[in-house]
């Protein structure tokens, strides 16, 4: 399940920040370091939860700094 979540997050990240297309992004790299501002991160969380049909309060995911952290938090719920 976590791998599916990671793939969804990565796809959504490229949709939200198309400039990342063709770049190498580590799952442990901070989202802020790859150019995702707070609005981008909020959109990423909302889009991912919608696609995975998960209802998790956004505040519970706000502390996630990396793709892995976000995927782990979503998988736990």
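We count from 1, first residue shown onward.
Any Cβ shown, glycine's included, is placed from N, Cα and C.
Predicted, not measured: the structure shown is a model, and the values here were computed from it.
Per TrEMBL, the features are as follows:
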- 1-77: domain 'Carrier' (DOMAIN)
**pLDDT averaged over every residue in the domain 'Carrier' (1-77)** = 96
**Complete:** Its residues classified by DSSP, the domain 'Carrier' (1-77) shows 50 helix, 2 strand, 25 coil
